[in-house]
Amino acid sequence: MLDVEAQEPPKGKWSTPPFDPRFPNQNQIRNCYQNFLDYHLCLKTRTRRGKSTQPCEYYFRVYHSLCPISWVESWNEQIKNGTFAGKI
Amino acid sequence: MAHAAQVGLQDATSPIMEELIIFHDHALMIIFLICFLVLYALFLTLTTKLTNTNISDAQEMETIWTILPAIILVLIALPSLRILYMTDEINDPSFTIKSIGHQWYWTYEYTDYGGLIFNSYMLPPLFLEPGDLRLLDVDNRVVLPVEAPVRMMITSQDVLHSWAVPTLGLKTDAIPGRLNQTTFTATRPGVYYGQCSEICGANHSFMPIVLELIPLKIFEMGPVFAL
């Protein structure tokens, strides 16, 4: 998992996750979870192909802004233990 | 905040709340008119000396008092739906904050830039300074910028809570396993209070919400963030 500091954009560039038309309703849990999955999928795919993982930063910033950190920590713990239920 | 014995709504701090106050005045006026009409009719019925034992049907009156209420209901429904859809408008937010309910305090996460996470507990009565508001003031307020659309993501770590700030026209349930989104734009700086609005146990009345809205320029200077 890449270091958090390395993911930080330069000041003034990143504002906040934009409106995502895939998730227009009030319950944004899928928005948060999907971006978390997309980040890990992106990392896995690009690392496998030997490319830079810098474009995956977008997904990281979105889920970091939207998801409660306790959820993220527990998901990361599950990934480390190999018990994460999502497809990544 | 509300003052003692306040009956009406608090002054609006967001455009949606301004609309809601106007709608409330409109609906309440209709309600008062109907109530007074009915009370007057009742009064006349009870105090008249006239008698008529011959009334059979009154088709014209029946038609009027069916059509007129339908029209009145439409006049109430149209502004109501207009405001309902207004609250759902897509408004590109410039800032996202997460608010997580616990028993019995709130956790706020500012994770757009860096990671500022803090708890917000009600000030116990013994810790109040002179001038502080009992049952309303907290140790760490939620500092936000004025005139910037803010997106609040609200959830709970344990039981149901509800994050409410009346002056902004906000009340969103904090439900475990769900991440509710609400957006608002504040129009004036100040300190605004709200209270947990879903019964959540012994200290449900003792987990208030305090927003401190400051000008955008000062907010951008970063007094909030320990970066």
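Yeah, the Cβs are placed from backbone N, Cα and C, and that goes for glycine too.
Residues or ranges marked as region 'Disordered' by TrEMBL: A:1-21.
Cβ environment of A:Cys67 (disulfide bond): A:Cys32, A:Tyr33, A:Asn35, A:Phe36 lie under 8 Å away, each six or more residues apart in the same chain. Annotation note: A:Cys67 (disulfide bond) sits in a coil segment as assigned by DSSP. As annotated by TrEMBL, disulfide bond applies to A:Cys32-A:Cys67 (among others).
When Cβ atoms from all protein chains are considered, those within 10 Å of A:Cys56 (disulfide bond) total 21, not counting its own. The disulfide bond annotation in TrEMBL covers A:Cys42-A:Cys56 (among others).
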Checklist line | disulfide-bonded residues near chain B, Cβ-Cβ under 8 Å, from A:Cys32, A:Cys42, A:Cys56 | finding: A:Cys32
Notebook entry, point to check: What same-chain residues, at least 6 away in sequence, bring their CB to under 8 Å of the CB of A:Cys42 (disulfide bond)?
Noted result: A:Thr53, A:Pro55, A:Cys56, A:Tyr59
Notebook entry, point to check: Taking DSSP three-state, what's A:Cys32 (disulfide bond) in: helix, strand or coil?
Noted result: helix
Notebook entry, point to check: So how many other Cβ atoms are close to A:Cys32 (disulfide bond), meaning within 10 Å of its Cβ?
Noted result: 24
